[in-house]
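Peer 1: Just passing along the structure, written as structure tokens.
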């Protein structure tokens, strides 16, 4: 059995670690809420862009939503484990944090490696959407119209991309290409936006995904602090229990 003075020295350390870990866990829980919000925002605001990418890319917002939800649940568990001062629960908390950190790290590496494929996928699918465009409104045609209306652009590289499509042969440029709402006749190139959409869309995606990547990277690095704190508190609690015995 350890001396009473030794146990008195250990208890303030445990109290200090508990206080810091509780503050950390609360902030960690907030980051989960932020990731959840970013995922929902990405699903709503970037849906038109994602719909012209491959199916894997459309899952990005859902991955963020799922990650945010897991972090919220894990943060709640971490708070409970800290308040209970349970060594095994804190070790489990640290293990989960490590697992999520590794998953986020792998996801970031994969996203960086395949970033050029995302550009090529978008360009190819946008060109295909133009070839198959119809005004009745399948989801890709709707995405094309939404992008061209919002960004004031026309075609992939420029407005001339439309001249090779069946839609142009029958009806001319789509209304979403028009500089004004009424640009009849719709074959008049002077009345449509000349700039292509590809460069504009890539600029937006890189900007918005940069925000998402920055937040995700910050959360991942922040988890290292939690792993360290949870491990230290667990060890301090275990040592204190050993000293009592």
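Backbone N, Cα and C define each Cβ position, glycine as well.
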Peer 1: For residue 19 and residue 147, give whether Swiss-Prot records them on the same side of the membrane.
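Peer 2: Judging by the topology that Swiss-Prot records, the two residues are on different membrane sides.
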Peer 1: According to Swiss-Prot, which stretch among 60-80, 123-143 corresponds to the feature transmembrane segment?
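Peer 2: In Swiss-Prot, residues 60-80 carry the label transmembrane segment.
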Peer 1: Quick one: sort out which of 20-40, 146-166 is the transmembrane segment according to Swiss-Prot.
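Peer 2: Comparing 20-40, 146-166 with Swiss-Prot, transmembrane segment matches 20-40.
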Peer 1: Among 188-208, 209-229, find the range that Swiss-Prot records as transmembrane segment.
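Peer 2: Result: 209-229 is the stretch Swiss-Prot calls transmembrane segment.
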Peer 1: Averaged across the topological domain 'Extracellular' (41-59), what pLDDT does the model get? Just tell me the whole number, please.
Peer 2: 66
Peer 1: What's the number of neighbouring CB atoms sitting within 10 A of the CB on residue 134 (N-linked glycosylation site)?
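Peer 2: So the number of other Cβ atoms within 10 Å of residue 134 (N-linked glycosylation site) is 13.
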Peer 1: Do any residues of this chain, six or more beyond the ends of the transmembrane segment (60-80), have a C-beta under 8 angstroms from a C-beta of it, and if so which?
Peer 2: 21-22, 25-26, 28-29, 31-40, 42-43, 46, 50, 89, 93, 96-97, 100, 104, 107, 212, 216, 219, 226, 230
